[in-house]
Amino acid sequence: MPSSVLMPNSLVLSGEWLYGADADLVVWLRDARTGHLRWRYSLERVEKGSEYYPQLIVAKGQVFVGGGFNDVTGELTALCAADGRRMWRHAFPESIHDITHFRDTVVAVTRTSVCGMSAVDGEVLWQTRIAPVRMGWEWMAPHGSALLMSSRSDGVLALEGSTGQEKWSLPNPEPTDYTENIEHHAAGGYIYAIGSRMVEAPIPQSDGSVVNGWKSIDGEVRTVSAATGHSQWTRTLPPLGSSLANGSFLYLVSGDLLLALHSHSGATAWSVPLQGPEVHLMVHDGLLLVILPVPDKGDRYPILGLDPKTGEERWRLGMEHPTHPPTAGPPGMALLTTIHQSAKLIAVDTSVGEVIWSTPVKKDVALIAGGDLVYTYDGHIAAYDISTGNSLSG
């Protein structure tokens, strides 16, 4: 997994302050406008060349550091947000998959347990043993009084946030004659389990030969109440691709269509033709932004601005190169980076679908925007004026 996927969780913009963590496990605080260093704190050293960027959570005057993909420390550390002073540290016997802040506790999940600790002093308030998952816990998030946890391989688990007791679970079905990749979304009071399925089948080649490979077949969407785990609706659909849950709709690619399903019933609200199963989706400024990875007839990669309620195309913008997923900017702006060697950071006017400005950047960078600046991060942080794209000193 490229490090740029990890970095958004390792960079937090909070008001006029920018908190970050590097692969060498140094946590720091900088003035978001000037970049001046306020403090830095070094965690335990790891092997050189590690791709581990620890997660950061900033809440109620504290910075919690630990967990995430490829965690090599098994440690959760709480720092004072004002001066970087260590407040407490808790060592686990195994890697931490994810952390979250829930009311006055910080919660960490490992392969075999979930632990709720006092945010103030790190005292363990509760600990729940869980069955080991095959592929790890992908995300954990508060929902009302509960904590929701998702594993692609095993399913969804809901715990009572104050005690750690299990409220309900949604196990993944055991495939029989197919393989299944399941992605979970939580939005609008629902949990969506989106299963894309494949079977082994002979695949014709361009030279007339046939080889054994994998063929996509109809997939399934299961939806349950996030509060109770009770089933809401289930639909079987043509081969499934990218998806996004947002408020009243679930958007997903099915076959050669982009569908919008009503979240409460699963009924189709609208559909539009689409090329390719994997697209980037984001709702911003009352638009559904769709970035297609397949070039059109003019060899340009389309970005579509659709009405999220009707699917009507409001504008279409062609890009020279495919892009990473978009990042929400201030009202009227979306930000994205291209993935070509001569990569660019691009600001798009979401009202008309036109490029406001573009500036060269490195190929794989994470983006975070706030106030009048946008930041790129690839182990080196750089700041740009969000209205012009002009670079400030990095």
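Cβ coordinates come from backbone N, Cα and C, glycine included.
Unlike curated entries, TrEMBL annotations are predicted automatically.
According to TrEMBL, the features are:
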- 30-194: domain 'Pyrrolo-quinoline quinone repeat' (DOMAIN)
- 218-288: domain 'Pyrrolo-quinoline quinone repeat' (DOMAIN)
- 305-390: domain 'Pyrrolo-quinoline quinone repeat' (DOMAIN)
For the domain 'Pyrrolo-quinoline quinone repeat' (218-288), give the DSSP counts of helix residues, strand residues and coil residues.
-> 0 helix, 47 strand, 24 coil
Secondary structure content of the domain 'Pyrrolo-quinoline quinone repeat' (305-390), with strand meaning DSSP E or B = 0 helix, 46 strand, 40 coil
Segment-level pLDDT (mean, integer) for the domain 'Pyrrolo-quinoline quinone repeat' (218-288) = 94
